[in-house]
2 protein chains.
Amino acid sequence: MTHQAGIGLGVDFSVLAADPTDSAALVAGDVTLGDDRGLDDVLAFAKAHDVVTFDHEHVPEPVLRAVEEAGGLLRPGRDALRFAQDKLRMRTRMAELDAPSPRWRAVTTLDHVASFAEETGWPVVLKASRGGYDGKGVWVVDGPEEAREVVDRAAAEEVPLLVEEKVAFSRELAVQVARSPHGQVAVYPVVETVQRGGICHEVIAPAPDLPEAKALRAQQLAIEIAQALDVTGVLAVELFETADDVVVNELAMRPHNSGHWSIEGARTSQFEQHLRAVLNLPLGSPRTNAPYTVMANLLGGEDPDVYRRYLHVMAKDPEVKVHFYGKGVRPGRKIGHVTVMGDDYQDLLERARDAASYLRGEQQ
Amino acid sequence: MTHQAGIGLGVDFSVLAADPTDSAALVAGDVTLGDDRGLDDVLAFAKAHDVVTFDHEHVPEPVLRAVEEAGGLLRPGRDALRFAQDKLRMRTRMAELDAPSPRWRAVTTLDHVASFAEETGWPVVLKASRGGYDGKGVWVVDGPEEAREVVDRAAAEEVPLLVEEKVAFSRELAVQVARSPHGQVAVYPVVETVQRGGICHEVIAPAPDLPEAKALRAQQLAIEIAQALDVTGVLAVELFETADDVVVNELAMRPHNSGHWSIEGARTSQFEQHLRAVLNLPLGSPRTNAPYTVMANLLGGEDPDVYRRYLHVMAKDPEVKVHFYGKGVRPGRKIGHVTVMGDDYQDLLERARDAASYLRGEQQ
């Protein structure tokens, strides 16, 4: 999706991919095969290009440091990225910024977890500080027995843990902000993300019936975080909506699933915006193209032949936009998404869900 | 632009390009270098792929015939393409279909031209039957002296000529229709194309203040032509608007400059629509995303460094979408386009023109 945006901008765009079947490697014109987390390959790639950005947070910090020390230009830079790579650092920094956050604590033993839960009540949320993605590395635990399992495994794998209170939220929100090296920012409308099993299923842009004060608060928070962390590119801030506020849940420093709606739904998609920021170009308008845009993720189902099924989806609803990522189909894996725009978000949600569930093989 | 659409559809997309610096070759993931008009290369390419389509009309008919006889699948097929390749055949077929057309005649001598002009009055329009593009191969001649030059050159180069009356039109229009092998059609709104020196400078979608009867007439004509000519893919029909009718000017059987507005301006762009038709997928909705979309072509100016100038354009108007084709800059060459959407077409036209003229180097 970033390559699609790069084509329009007329920029030379290269991909460092671990495997020729990686989504980006399938479609980009200039692909370097190599270890996208390994020092030698990332360093060589950075030296051969003017600027390097990322579509995941898993490049180890020592690799990033070596690239920057060798004069490679990373956007976002290592100093910003570490807050998206490490949840302990992120929570510490959010506390310094006074950003609304759940209560949390770094924990290494079951006793730590139990004493935290005495203050907040069970259940609590245990999180691996590093390596999480799509609900992996996050465990909602109801009591000490469940917590023990997580703590023991984390100790065995030497993964630092933190515990967070389970926020009493009414729904989950997200907001994207783009920031350029000049410090120019462009913020998108706050969206609602509908999660099931820790995985985002749908996004409604903008979040229906969100009070303006909360929307402004979320956008302002995103801008403040982007500035404080010196982010270059797109920052996605995932939030909980509570009775009278919003609470920071997670950060991602790249175009994020919660912003895919913007490909059709905004004047400037998050992918184009990320490239513009990373290339130090003026940012584009985040204005919406319709009153509502709904995105639904396509998750792989039992039927691996999802591609044939999309004829039906296209025929049934010619306004549904289907995006496939060229990935092999595995149950639960995000293999694409659909987008639909219009005036009535409930109608759009129904149509997007219908298309996604048909593609997943839940309807015959 | 077709590759951008192909990425979203998740289809494997390859390009046969004559030169590695061709626009499509710069961005596609799978590029075969070869002669895009030569028998051997086109045939080998067709055998290696399920379906072949075109972004120009210049593949010679014998090459197309050989590919079809060898079992290659061309969409549109040779029987349709010849009407876009040869203006004499096109005019003959339009007459058979009773499509509103200028008076015309095949001519080989100056006498033919002069006797035609006695009926219609000077000026008349001479056209090379084959090989025209962007005003090349079209000459508006005011009298026998000017006509002689064209007739002599055509005779020397063995290019068949036709003469057409100069239609008294109020403006030029265009309409895109997509047609699938099933015969499903999807037609876009009729647009106004603003031409200067035989080159399209701007497109306003939809054409402002076009009476509904004329709009329907134009759309109906496009559908009838697509069906009668058995077109697969996108057909662009360029038209003149006259006092009480529309008149067919030219046909193109591919995504066309007059439809570039649809990338942002319609639910389904002409590029995606072309791929859907060519791949025998259900067609997408041609519904517009805004009351008006204006596209302005970027023509190369004297300043070859157009790319640096776009920082200014992006900064001045964050809603302008810039598309570059990766082409070298030559005066008058189409090197990209800009698009802007909104409610007031005159405001949009001004902004699109401003961006295009700045990029061309006409403003400092």
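The backbone N, Cα and C atoms fix where each Cβ goes, and this holds for glycine too.
Bear in mind that the values here come from a model prediction, so they are computed numbers and not experimental data.
Binding site for ATP per TrEMBL: A:K127, A:E164, A:E165, A:K166, A:V167, A:E172, A:N249, A:E250, plus A:K87 from the candidate set A:K87, A:K136, A:K214. According to DSSP, A:K166 (ATP binding site) sits in a coil region rather than a helix or strand. Fewest Cβ neighbours within 10 Å among the binding-site residues A:E164, A:E172, A:E250: this applies to A:E250. Mean pLDDT for the domain 'ATP-grasp' (A:91-279) in the predicted structure: 95.
A:K87 (ATP binding site) carries a helical DSSP state (H, G or I). Here the binding-site residues are A:K87, A:K166, and the one with the most other Cβ atoms within 10 Å of its Cβ is A:K87.
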